[in-house]
Each structure stands twice: as C-alpha cells, then as structure tokens.
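Note sheet for the following structure.
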Amino acid sequence: QQQQQHSNASDNQTSIDSRTKGVTLAPQTHSGPTGPPDTILEADAETEAAAEADTNTETVMSATATTDAVAQLTQAEGKAGELESSTTGATKVTIADSKNENQCSGGGDGGQSVGSSSSSSSNKATMQRQRRLRTPVWARSMSSTNKTRLADEDDELSEVQPDAVPPEVREWLASTFTRQSATTRRRTDEKPKFRTVAHAIRAGIFVDRIYRSVSRTALMQFPPEVVQILKNLDDWSFDVFALAEAAGGQPIKYLSYDLLNRYGIIHKFKIAPATLELFLNRVEEGYCRYRNPYHNNIHAADVTQTTHYVLCQTGLMNWLTDLEIFATLLAALIHDFEHTGTTNNFHVMSGSEKALLYNDRAVLENHHVSAAFRLLKEDDCNILVNLSREEFREFRTLIIDMVLATDMSFHFQQLKNMRNLLTLNEASVDKSKAMALVLHCCDISHPAKRWNLHHRWTMLLFEEFFRQGDLERELGLPFSPMCDRNNILFPESQIGFIDFIVEPSLSVMSDMLEYVLTPLAPMCKTSNASIDAGDAPVDGAAASTRQKADGECSTSAAAQPDDGTAKPSGAKPTPKFSIRKPWLACLNENKKIWKEQSLKEEAARNEKAQQEKEKEGESEE
C-alpha cells in the first residue's frame, strides 16, 4: 500500500511538473506593439483560462499535499494568486466617477469607457479600457506606492481670391506649404500579440518588485517654482515661457519627465530614471545648439504639452496603445531636434551638407529623426533598451512617419487625404496617419493659443526669418518669403496663416478625432448633451469650470457638426459626440486683433505716403 501511495505521488508530481514546465519568460507589463488595446472581453477570456488552469493545479495539489514538492508549489501559487488578483482587478470594468473634473490628474490606469460599435475607424472594439494618468512625481510622496494599471497641393490656394491676401503672403503660403511631389510611405499592419494573464502571473514577479522599489527612490526632484506651473499642464493655453523661466532654461527636462511618468511610460517600459534624465538633458542641449529664437527647446516643450492636451483632454489616449502613446510623446519632443534655424528651402538653395545628405527631400525633418536615434543608440541615453525587437521596429516606424509629416510642404496633401478618407462610408483611419496629423497641428498651433502667447511666438518666428534673410543677403541668394526685415507685413501674414493653414488644419483634426473616438464615447443621457471622451456628459457648470481651467479665450466656440440631414420638427435629435475646441475662440480673437492692427498700419502707411507726396509737391514749387 505504501508503494502504491508513493507511485501515485510520483505520478502527480510528474503532472505538476508538466503543467509548470518552461514558464520563465519576462512579464507582459504593457500593451502589444501594434493595434488598439485588447478589449475587456478578450482579457476576461484569458483570465478565465488562467483561472481554470489554476483550478486544475489546485486539484492536483489536494491529492499530493504530503509531498515537499507540493508544499513548494503551494507557496508559488500563493504568490501567483496575489499578482493575479491585482492583474484581474486592473482589467475589471468600472464606471468613471462623474465628479472627477479632470481625468488627467488621477492616478493609475484603471477605469473603462464604453462605446457603441459603428462603421468607423480601425478599432472594432465595443468595450475599451479608459486610461487615467498617474499622479505627477511632484504631487506624491516618495514613500507612497501607486498601483498602475492626396492630391494636387495647389487646389486650396487656387480657390483663394487674388485680393484675399497680399502677393507676398500668398507667395509665402505657396512656397512653404506646397510641393510638386510627395513620397508615399506605407507601414505593414501587424496583428497585436496578446500574452495570457497566466503567463504574466508566473514570471518576473521578483524583478518587477525590485524595479518598482528602485525607481521610486530615484525619481527626479522638481523645484517648487516648476511644480506650481506644472499644475496647469492640462490647460490648452499653457504658459511654456513661464515654465522655461522657472526651470532655469530647461523646460524639456521637467515637462517631458512629468508627462512620461503621468502616462506610466517610465514604469511600463522599464526606463531607468537616471537614463531618462540624461537623455532629456542631451535633447535640451541639441535644441539649444544653434541658439534659435523660435525653433528651440521652448518650442519643443510647447508642442509636447499641446500633444499631451490632445491625447488627454479629447480621450485620444484611449484609442492608442501604450507604445503608440510613448511614440507620440517622443515624436513631439524630438520633432525639431538640432534645428538649424533655417528652412528646408534655404538648405536646398545654399547646397548645405544636410541637403546633399538627404537629397533635398525633407532635409531638416530627416535630420531631426536621424540625430535623435543616434542619441538613443548611446548606452547612457538609451531609454528604449527594454523594448523588444518587434516593439522597437514599430516604435521607430511611428516616429519616422510622424516627424517626416511635419514637413510643411506636405501640408495640403495631408489635409486633403484625411478629408477624403473621412467622407467614405466605411472609413478606416490609419493610426500612424492620425497621429501624424495631430503632431502637425500641434506644431503650428500657437496662433490658436491666447493672444499674449501667440504674439510672442510670432515675433520670435519672424526674428528667425530675418536672420535667415541676413544670411541670404550675405550669400547672394534671393530673399525667401517673409525673410526680408525691411519689407514685412506682420498682421497680413498671420491672418493668412490662420485662415488658410491653422484653422483648416485644426478643423480636419477635430473631425478625425470625433470620428475615431465616437465608438469610445459614453452613451448620451440627454438629447442635447455634449459628450467628452472618457468623461460624463458635460452640463453648463462643468463646462464653465473646464473652460476656466483651460484658460480659453473670451468666448466658447465649440460647435456640433452638421450632417446636413433634415430633422422633423419636434423630433428628438440624435446625440452627437463632440470634443471641446478651446482653439476656436482663440483663433477668432487673435484674428480680430491682427485685423485691427492691419487697419492701423495701413492708415499709417497711407498717411506717410500722403506726407511724402506733399513734400514732393512743395519741392517742385
């Protein structure tokens, strides 16, 4: 009988070994490299499979409880169960608290957003996880533990009436925002890989806990002045100049570190805080290399913050994977890295080394990406060291696509392609193109900010133009548009820039965001409710509070899109999902101020011309 029991125990031990054999891979701490986040339903299926496997193991354990091997397995299963409960809890469907006025200041990644399936975008999920950003580094104690979970480019300009803008402004728009040809960039779609919960449970527990302990003690320290300004990081018209002053000329360092922590990027991709800080310092140095008035580290921080606003406040982050969010933020950060303070056209006309290297095609944009990835190859600056081969390939492709799309000569082609796509009945918006459009719009968004910020950016940009004009004079080259400091029309140039470039761009971006985010929006509770992605229906008081917090201009201009269909009188209108558009009021206000200045300058020029004419008449007499 003892021999029979011993034989049964041996067989059970063999069964246990076969069930737990070979599970030694690293844990899955973030989403797959491509595609939208896996749905809750898929996650639940994986969890149930893991639970069933655990149940079978527990049955074997009860039959062999007298063996030492079973005792060891019981201890291992206890640890796995602890992680399983936290992992399963992270995927549990919960309803967002409607009292939370700002979803971007919350901690952890838990939550959910429910949307209806429609003929919409590339994500077909009917249920999606709603992201919530982590608590900022400067807002939590070091001892606390956060649980995270195309076309003819000239078509649009040809519609502009000859007298709509001065010839100089029209020439600048045509030379800067159009091109004769554009290369087509394609990216092969790959299906996301989904590793089971059981796989994550049984591997890497000890390493993950050690990493969390070390990273918490090594987080960067933020000066009190910087902390005060970063409290407004979720505002549309964020004052990046004030941040640069408080940060001692290092806005990239503090802003980027804070954002990467809020989105959980540092934790999810196992980025060493010291490596990240050194990388950000080197990026800051690269932006300051040429001492540009406009294309410098402050501009990079501004574009990165604006990108954060679009990701967070519209709910776009719920449509993207962790890797795609990481790529979007980093692309915004390095999109003008080592900018020379001159245009692509100047490099081509002057035959610079960069123009020769990149064959006159997107000269600066190619250099920005190339220089950034050269920096990332250095061991002490490699924040991508823990990405898998597949993740790195996807990450690099996204960065290249987004930064190259900031070439202004692609502008009209980019907008026309997206407009045409959105008119299709069964449109499928490519994530890479969507993210590229968002970055391009953020890059040219300063006319849509408060007047004091927009005016300051405008003066800095023209100073950079004038410096290029001085170089062109020295080299015997013709002046590029808007680069002759003795012949400039400030108000007219900005009015044309707003009317024909910025406003249409933000309009297309808004339409695209509302299209792809509609399936993720909460269900409407009232017929006239304005729905915000990842939030509750907004009533008047909440909208007023958010408008004040965003630092918007004097009036709110968010409008519901019109599909042109007639509605019977008295019929209950169909609720429509609409994002907040604080830029509309700012655009209108800034354009109004420029028009007033234009009239004053025109009157001054007429008066001066009249005086000169009178002097000439007196001299003839």
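First residue shown is number 1, and so on along the chain.
Using the three backbone atoms N, Cα and C, a Cβ is placed for every residue, glycine included.
According to TrEMBL, the protein has these features:
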COMPBIAS  1-17  compositional bias 'Polar residues'
COMPBIAS  41-51  compositional bias 'Acidic residues'
COMPBIAS  60-75  compositional bias 'Polar residues'
DOMAIN    218-601  domain 'PDEase'
ACT_SITE  His295  active site, proton donor
BINDING   His299, His335, Asp336, Asp443  Zn(2+) 1 binding site
BINDING   Asp336  Zn(2+) 2 binding site
COMPBIAS  532-543  compositional bias 'Low complexity'
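Across the structure, His335 (Zn(2+) 1 binding site) and His295 (active site, proton donor) place their CA atoms 10 angstrom apart. Surrounding the centroid of the Cβ atoms of His299, His335, Asp336, Asp443, where the record places Zn(2+) 1, the chain contributes additional residues within 8 Å, namely His295, Ala300, Val303, Ala332, His339, Thr406. Here the binding-site residues are Asp336, Asp443, and the one ringed by the most other CB atoms within 10 angstroms is Asp336.
Model confidence over the domain 'PDEase' (218-601) stands at 89, taken as the mean pLDDT rounded to a whole number. The recorded positions listed here are His295, His299, His335; among them, His335 has the most other Cβ atoms within 10 Å of its own Cβ. Recorded residues Asp443 (Zn(2+) 1 binding site) and the residue listed as 'active site, proton donor' have their alpha carbons 11 Å apart, per Cα-Cα distance. It is 7 Å from the Cα atom of His295 (active site, proton donor) to that of Asp336 (Zn(2+) 1 binding site).
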